[in-house]
Amino acid sequence: MSSRSPRPPPRRCRRRLPRPSCCCCCCRRSHLNEDTGRFVLLAALIGLYLVAGATVFSALESPGEAEARARWGATLRNFSAAHGVAEPELRAFLRHYEAALAAGVRADALRPRWDFPGAFYFVGTVVSTIGFGMTTPATVGGKAFLIAYGLFGCAGTILFFNLFLERIISLLAFIMRACRERQLRRSGLLPATFRRGSALSEADSLAGWKPSVYHVLLILGLFAVLLACCASAMYTSVEGWDYVDSLYFCFVTFSTIGFGDLVSSQHAAYRNQGLYRLGNFLFILLGVCCIYSLFNVISILIKQVLNWMLRKLSCRCCTRCCPAPGAPLSRRNAITPGSRLRRRLAALGTDPAARDSDAEGRRLSGELISMRDLTASNKVSLALLQKQLSETANGYPRSVCVNTRQNGFSGGVGALGIMNNRLAETSASR
């Protein structure tokens with residue numbers, strides 16, 4: 001007898017079906033560019049927000065507009081009949097009045113529009129992007145100069161707002177960190193000899209502590225409300241407006257919407273005029289800076305909602321395409337049953353269990369290597385640079401962690417870049 005092992009049966013060439021992967025192509029494409037998905041989702045939500053706002057304002061303001069048109073038509077007809085003036089001639093006269101109104105002419109005595117104080121008020125509304133519209137350049141030279149002046153003025157003012165945002169966030173973080181240290185010291189978690197910047201502070205529970213965006217939002221919101229209430233009290237007593245109209249003017253001005261239906265400091269003379277104009281300037285300056293900072297903090301919350309919605313959509317897509325977590329993954333061939341494959345391996349003298357364990361080890365090793373490479377090259381250079389600069393300026397530890405997770409805030413520009421790693425919700429470790 002021959003000592004040779006029995007020759008295995010000839011292997012049939014069978015066409016293998018594609019093996020279903022855990023993450024299908026649609027899931028992979030959904031993760032390619034999360035920023036694009038966030039942008040598209042935000043654009044869709046803004047569109048829905050505009051539709052909802054237009055519906056509400058149309059329902060609230062449309063009846064009043066119809067009544068005002070009816071009253072104005074009746075008044076015009078009565079005046080034309082009472083004074084014997086033809087209605088077309090009366091309308092032509094009203095068009096001349098509208099042109100004079102656009103040029104700054106008013107029926108009541110108002111302050112000059114283009115003296116130095118009036119021009120200073122105008123350029124202030126230009127560079128702050130408020131743009132009330134009560135004063136506009138009428139000459140060609142004035143319009144041409146406004147284009148160049150507004151280009152650099154608006155850019156410089158936006159930079160000023162961003163620097164103000166950086167300072168106010170740093171100040172709030174410093175105050176809240178001091179309150180946190182005091183609370184920990186009272187509870188006995190910090191020794192009485194604790195000093196910021198020491199080695200103990202870096203190893204203790206305050207290492208890398210950052211204020212929550214909700215606390216910053218609450219503080220900025222309370223300060224904005226207090227500022228608007230104080231300014232409204234001044235406008236009510238000096239301008240003679242209702243308190244609700246004064247609050248409305250404060251929001252329209254501080255948010256740089258600037259409708260122009262209500263404009264402060266437009267009368268020819270005021271009691272304590274110099275003091276009032278100074279107070280008006282300071283209130284508008286502080287209000288615009290505060291509301292700008294508040295808007296940027298609110299944008300962080302909106303971005304968190306967008307990230308949550310994207311995660312939900314991604315998880316829903318993955319649950320349709322991928323097996324449930326914890327389910328055993330079958331490594332059988334789609335054509336050859338497992339029993340036949342085991343018999344063939346036994347005929348070849350190969351242990352199926354050892355073969356599976358070896359393949360499993362190689363697969364896990366490959367996954368670990370790929371995950372390690374992915375973590376090392378996960379766009380951490382810019383985020384780490386911003387984190388180091390921010391933590392150096394705020395006294396945070398300089399420990400560098402390369403295992404940063406993309407939360408949608410790292411590597412931002414503008415106001416989001418300024419608040420990067422300064423709040424708990426914009427930290428790269430979240």
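Placement of Cβ uses the backbone N, Cα and C atoms for every residue, glycine included.
According to Swiss-Prot:
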type     : residues               : note
BINDING  : GLY131, GLY258, PHE259 : K(+) 3 binding site
REGION   : 11-16                  : region 'ER retention/retrieval signal'
REGION   : 129-134                : region 'Selectivity filter 1'
TOPO_DOM : 1-38                   : topological domain 'Cytoplasmic'
TOPO_DOM : 166-212                : topological domain 'Cytoplasmic'
TOPO_DOM : 303-430                : topological domain 'Cytoplasmic'
TRANSMEM : 39-59                  : transmembrane segment
TRANSMEM : 145-165                : transmembrane segment
TRANSMEM : 213-233                : transmembrane segment
TRANSMEM : 282-302                : transmembrane segment
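If one looks beyond the region 'Selectivity filter 1' (129-134) by at least 6 residues along the same chain, the residues whose Cβ comes under 8 Å of a Cβ in the stretch are 104, 113, 154, 157, 253, 256-260, 263, 266, 284, 288. Within 8 Å of the Cβ centroid of the K(+) 3 site, not counting the listed residues GLY131, GLY258, PHE259, the chain contributes THR125, ILE130, PHE132, GLY133, VAL252, THR256, ILE257, GLY260. All protein chains shown were included, and the count of other CB atoms within 10 Å of the CB of GLY258 (K(+) 3 binding site) stands at 17. When Cβ atoms from all protein chains are considered, those within 10 Å of PHE259 (K(+) 3 binding site) total 14, not counting its own. Taking a C-beta cut-off of under 8 Å and a sequence gap of six or more, GLY131 (K(+) 3 binding site) has these contacts in its own chain: THR125, THR256, GLY258, GLY260. Taken through DSSP, the region 'Selectivity filter 1' (129-134) splits into 0 helix, 0 strand, 6 coil.
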